[in-house]
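For 12-462, the entry in TrEMBL reads domain 'Major facilitator superfamily (MFS) profile'. According to TrEMBL, the transmembrane segment annotation covers 51-77, 89-107, 113-134, 154-174, 186-203, 272-293, 313-330, 337-358, 370-397, 409-427, 439-458.
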């Protein structure tokens, strides 16, 4: 029995999101790697504890920086690669680059190997997390586009959870003097990258890329395979094919042909500004900062080593549950209000966390109830973020641009994400050391201003065909709270479907006559 078209689209999107699984796994596993005694002994053979603590601190900052720095340049490269090579070949290139980086990390005999491997793996991840949601959005039916592109964040969470438990297993399963304690967990990350690189070419190319690059017949066949079990005469397939062709013709005549024009065209720049704001706002919710400091709280409570890894795994499970709920509900709830309410939910958890840290400093008060309250609040924050802001930061950029600008626009937005990620990662430790809990005021304010900004300026994009985003962002007012959604829904795709159905009905009548 043939797979229903929407399930087929979902499964293709799920396979492509192995690319974001690599991101989540690599981010999660490195903390265990640099904390492993065998790793410290190999790269810092000094016996004194102070030297080893300093070594660990330097490693933690450097390995994060080179990874996110590499991802920044990977996202930059993915823009022109996605346009020139196609979505599938770009995914394969990203996976192969990640394999090289993972192999260098696994076999590292000196710090230079590790840093080179981290930078190259980051380059591959930057390519993948930029191109995968774009590929997913271009394959998906408008009715399920949100849940398919939400797989990016969900699989990132799967990667983080796998890293937490694999790290725990290698941490307790190998002797502290055995290099396998950290090489095993690093080596495992190469496996999904090899699978992705080996099989992605067997999956369909984006029909929009094919049509835009002079392959309309192949694009039509792909649309039919995605939406109608290969029936090229299906009314929806024909209507969408015609709409894509018309939109691409318009794009070639009016839209950005270079990155500079992306800033010059009013409609394109509006979309670029919003998507960059979304990616920056996600980092300014405090996700990196609160996850970093929660580990410090564990230590102040006397929780160390393998127990810390267990609590991180619990947090990863909570994130997965939230991301799964997002997949189920995002196409029903839309984009706008989940993003607004998610930021307000983040703000509330930060207010409570700040009060707890101010009134009951864990290292001074000895109040374990308050410390446990902080940990529970971090879990609630993780749920709020993972159900809303995290997935939407990939969903919205992938769907608002038109075919001509999509690869360029998503590339720039993803670069902004990695730039802010690197900045927060570098600032958090000295900020917490200098001002303590007061650093959290920044994220309370940012979550509130994020919610206010998106309430004022982000129009609803759910369930719109990608080819109708031009109409929305060209004609809708900049200030959108009072905007009537129905005034900016062209209904062009539905009209085309009705026309095709009417013609087919007329043709059948003639044959009967």
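Placed from the backbone N, Cα and C atoms, the Cβ positions cover glycine too.
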Could you pull out which residues elsewhere in the chain have a CB under 8 Å from any CB of the transmembrane segment (89-107), counting only those six or more residues past its ends?
16, 18-19, 22, 26, 70, 74, 78, 81-82, 113-114, 116-128, 131-132, 135, 183, 186-187, 189-190, 193-194, 196-197, 200-201
For the transmembrane segment (439-458), out of 272-293, 337-358, 409-427, most C-beta pairs under 8 A are with 337-358
Contact set, same chain, for the transmembrane segment (337-358): CB under 8 Å, 6 or more residues outside the stretch
278, 281, 285-286, 290, 326, 330, 370, 373-374, 377-378, 380-381, 384-385, 387-389, 392, 396, 436-437, 440-441, 443-444, 447-448, 450-451, 454-455, 458
Could you give the residue numbers and ranges of same-chain residues that sit at least 6 residues beyond the transmembrane segment (272-293) on either side and whose C-beta is under 8 angstroms from one of its C-beta atoms?
262-263, 315, 339, 343, 346, 350, 353, 378, 381-382, 385, 389-390, 392-393, 396-397, 400-401, 409-410, 412-414, 416-417, 420-421, 423-425, 428-429, 432, 439-440, 442-443, 446-447, 450, 453-454, 457-458
Looking only at the recorded stretches 154-174, 370-397, 409-427, which one has the largest tally of CB-CB distances under 8 Å to the transmembrane segment (113-134)?
409-427
Cβ under 8 Å, sequence separation of at least 6 from the ends of the transmembrane segment (370-397): give me the contacting residues as numbers and ranges.
129, 133, 137, 145-146, 149-150, 152-154, 156-157, 274-275, 278-279, 281-282, 285-287, 290-291, 294, 297-298, 300-301, 311, 314-315, 318-323, 325-327, 330, 335, 338-339, 341-343, 345-346, 349-350, 352-353, 356-357, 359-360, 362, 409-410, 413-414, 417, 458, 461
